[in-house]
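A.B. asks: One structure follows; several queries about it will come next.
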Amino acid sequence: MLQQYVRQFSQKLAHRRPLEARAESESPEAHLSTLDLVALGVGRTLGAGVYILVGAVAKVRAGPATVICFLVAGLSCVLSGLCYAEFGARVPGSSSAYLYSYITMGQLCAFITGWNLILSLVIGTACIARGWSSALDSLTGNHISQGLQGTLSLHVPYFLPTYADFVALGLVLLLTGVLVLGARESTLVYKVFTVINLLVLSFVILSGFLKGDLRNWELTEQDYKLHTSGSTDTYSLERLDPLGSGGFMPFGFEGILHGAATCFYAFLGFDSIAARGGEALNPQHSIPFSIMTSLFICFLAYFGVSAALTLMVPYYQIQPKSPLLQAFLHVGWGPARYFVAVGTLCALTSSLLGTMFTMPRLICEMAKDGLLFRGLAWTYGHTGTPVTAIVASGNIAAVMALLFEFMDLVDLVSVGTLLAYSLVVFSVLVLRYQPDQILSKKENTEDKIEMKSEVEGSPLNSEPEAGTANILKSLWFPTSTIPTRKSGQIVYGCASLLVLLLIILSLVLAQWPSQLFSGDPVLTTVAVLLLLLITGVTVIIWRQPQDPTALYFKVPALPVLPLVSIFVNVSLMMQMTSGTWALFGIWAAIGSVIYFGYGIRHSLEENNEQQPPGSTSQT
């Protein structure tokens, strides 16, 4: 009895959705062109990252080397974006990484991915609302924050802000009410806001190169000391002292890595393109192209703005809450800040709308599958508006925006999203080497007969050495030119082992970098052994046959490129602070309680199982 229960439990965790390719004509609501998808991706991505985050990273984590931080984060997103592009060509459906994980890795991994994406979307909404409030506050001469500090100051621990941001709270609640009324996403709004945003950012970049001073990339520690000796900037002197040692990399290589991990947040949003695949006119073609185009445009914007900002203002004088507006005041172009403020509010509004539209979609999808509470899937009448999901997610995001600072939330968003993206990359790696899941009944029957004959034909009294030799031979010399169940299991096991090895290698590099590169014999031996094991297991995967299904886009250089993507993502996660990991652990614990206490017993798969005669299915 216990063995049967454990078997059913394991089958539930590993249950996968069938991979069902959908023809383009099967999407009656398809109306989004490639340009629409690019506008959607850029509108979602170019928000708080380019107007708020760039200043905070430049001041406290990387200085002028922020341009390198965005380069590293951008490359990480490009690697993940390539995997999203293949899934978009293979499965043009909705729910993004959640659906992809359900197809390839099973129910448990799907819940983990979806739960982390909910974290990213909820906190991302709070971050953008905080940024919107800061931009409006700066435009009014900081009168809003001064008024709230004077009347509603919070006497709370250091990890909470000095005042409750009721502007951010009101903004999120207002948009939540708009969504409840059944508002729809408008690609025209995204296009207009995106054009305004790009025009403003172009103006900022040109202004930075005209009014900037290259000496701001060559500052010394003495320059910083002279500034802080008479400074009243409590943000600098109390929370962030010291602010580096000058030069282009005032915080060193470690600062670049930490800044890159934070800058990853700035690129969140491109995955919304893949999530809209069901509405694309030509998803197999337009989704891959749109993802890569959006990431390239956003990288150019982030690179240019971070360079312009650090050229206009010494990194230690940047105002993190409204860096671009204050930069124009610093160079004597005060009136220009109103033009920049328009772009800031438009970009943040566009990004906030996109995030708040996506958030209830994902929650509703998971609730329909039974992995979250069924009540969250309730929709209103013929409009199909997921009212419960909108209200629940909106209220949580509003409270987060009220009580937490922008930078305190960014790293938590990055951890959840990096983990979700890594699962997508892993899914692409595994799926490419699996046998075709879209099989006819005849093919399924033939496959089972073939497997049965192989089992019956094998001698029961074969020598263990021969069995071991056959296994090793199949690792290096597969017997089939197309994926089989056996080769698929080999790849799945090897890929899982590689993830473990990459995590250990990233941990060594993150915790003992100086000792490792200085030639410590123990750490060097460990690193060399890990690299040898990683190389050997990678070769085993490379030797296995790949799925020959023709797709418009496939990730190149398998299995190397997905493994590099996982390594980069894990390395960035290792740069997060212990406080961030503690908060993430709390979120993961809440998710575990929900899944094992509710989701695993109410999943859609259980309700669809064939029941014995006379039994009734549970709801």
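Residue numbering: from 1, along the chain as shown.
Any Cβ shown, glycine's included, is placed from N, Cα and C.
According to TrEMBL, the transmembrane segment annotation covers 37-58, 64-87, 108-132, 158-181, 289-316, 336-359, 380-403, 409-431, 490-510, 522-542, 551-574, 580-598 (among others). What TrEMBL lists as domain 'Cationic amino acid transporter C-terminal' is 553-603.
Distances, neighbours, how buried they are, the whole picture for these features please.
C.D. replies: Non-local neighbours of the transmembrane segment (37-58) in the same chain are 64, 66, 69-70, 127-128, 130-131, 134-135, 187, 190-191, 193-194, 197-198, 201, 259, 262-263, 265-270, 272-273, 276, 280, 286-287, 290-291, 293-295, 297-298, 301-302, 305-306, 309-310, 315, 318-324, 343-344, 347-348, 350-352, 354-355, 406-407, 410; each lies 6+ residues outside the stretch with a CB under 8 Å from one of its CB atoms.
Counting only same-chain residues 6+ beyond the ends of the transmembrane segment (64-87), those with a CB under 8 A from a CB of the stretch are 54, 57-58, 96-97, 100, 216-217, 248-251, 255-257, 259-264, 266-267, 270-271, 273-274, 287-288, 291-292, 295, 298-299, 302-303, 306-307, 309-311, 315, 421-422, 424-425, 427-428, 551, 553-556, 561-562, 564-565, 568-569, 572.
Sequence-distant neighbours of the transmembrane segment (108-132) (same chain, 6+ residues past either end, Cβ-Cβ under 8 Å): 13-14, 47-48, 51-52, 95-102, 165, 167-169, 171-172, 265, 268, 345, 348-349, 351-352, 355-356, 358-359, 362-363, 365-366, 371, 393-394, 396-398, 400-401, 404-406, 409-410, 412-413, 416-417, 419-420, 423-424, 584, 587-588, 591, 594-595, 599.
Residues 34, 37-38, 40-42, 45-46, 49-50, 54-55, 57-59, 63-64, 66-67, 69-71, 74, 77-78, 81-82, 84-85, 88, 198, 201, 204-205, 207-209, 211-214, 216-217, 219, 223-224, 227-228, 236, 243-244, 250, 263, 266-267, 270, 273-274, 323-324, 326-328, 330-331 of the same chain lie 6+ residues outside the transmembrane segment (289-316) yet bring a C-beta within less than 8 angstroms of a C-beta in it.
Cβ atoms under 8 Å from those of the transmembrane segment (490-510) belong to residues 426, 429-430, 433-434, 474-475, 516, 523, 526-527, 530-531, 533-534, 537-538, 540-541, 544, 559, 563, 566-567, 570-571, 573-575 of the same chain, restricted to positions at least 6 beyond its ends.
Helix, strand and coil residue tallies for the domain 'Cationic amino acid transporter C-terminal' (553-603), in that order: 39 helix, 0 strand, 12 coil [DSSP].
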A.B. asks: With CB pairs under 8 Å as the measure, which of the listed stretches 336-359, 409-431, 522-542, 580-598 comes out on top against the transmembrane segment (380-403)?
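C.D. replies: The stretch with the most close Cβ contacts to the transmembrane segment (380-403) is 336-359.
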